[in-house]
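S.K.: Heads up, here are the entries from TrEMBL:
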| type | residues | note |
| --- | --- | --- |
| SIGNAL | 1-31 | signal peptide |
| BINDING | 120 | substrate binding site |
| ACT_SITE | 146 | active site, proton acceptor |
């Protein structure tokens, strides 16, 4: 190899080594690595600029993704004034519908519709024209605020002729491989209606997800 080419190769190697020494794992990678849930390395950034990324979630088990999601969720914004205003309006809208749905239609509504992972959830109480009532747990992965979880369900059930109440909400961690559900936290937009709380949501999930372990509490680590 000519001398000039050898010098260029050494210079390139030196530059790559310098960059490698300044790189660090991303926050998601650290969360997984800290728990021993993913191989090294996964994702690196230089300063704040992504340099090399290998998606840790692609290698981690669903249980690992649940843990990583929980770590990320603790960092996100919980609410704001606009969200609280819209949540209040949605709660008021839910109480204005004419009730015409049958008890049979009420019975056909799934007790729980939740995603896998860690996400916000709401507890609804839906009423048929006969006066029969049913509690429904609804949770959506990726929903920024609790009203984003509630809105499509409230509008759909009102359209179908049900009476709908948004009783409150919080967070759910749904670990499918372990058969485990953890219900915790709270909703600023939908503070709990009197006489309601996570215990109702937990009972709904226990009855609906046969064989699951279901824990609940106001804090993330409660009743585990």
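Here the Cβ of each residue, glycine as well, is placed from N, Cα and C on the backbone.
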S.K.: Just the number: how many Å between the Cα atoms of the residue listed as 'substrate binding site' and the residue listed as 'active site, proton acceptor'?
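M.R.: Their Cα atoms are separated by 6 Å.
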S.K.: With every protein chain in view, what's the tally of Cβ atoms within 10 Å of the Cβ of residue 120 (substrate binding site), excluding that atom itself?
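M.R.: Around residue 120 (substrate binding site), other Cβ atoms within 10 Å: 28.
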S.K.: According to DSSP, folded down to helix, strand and coil, what is the residue listed as 'active site, proton acceptor'?
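M.R.: Looking at the DSSP assignment, the residue listed as 'active site, proton acceptor' belongs to a helix.
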S.K.: What number of additional C-beta atoms lies within 10 angstroms of the C-beta atom of the residue listed as 'active site, proton acceptor'?
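M.R.: Cβ-Cβ neighbours of the residue listed as 'active site, proton acceptor' within 10 Å number 30.
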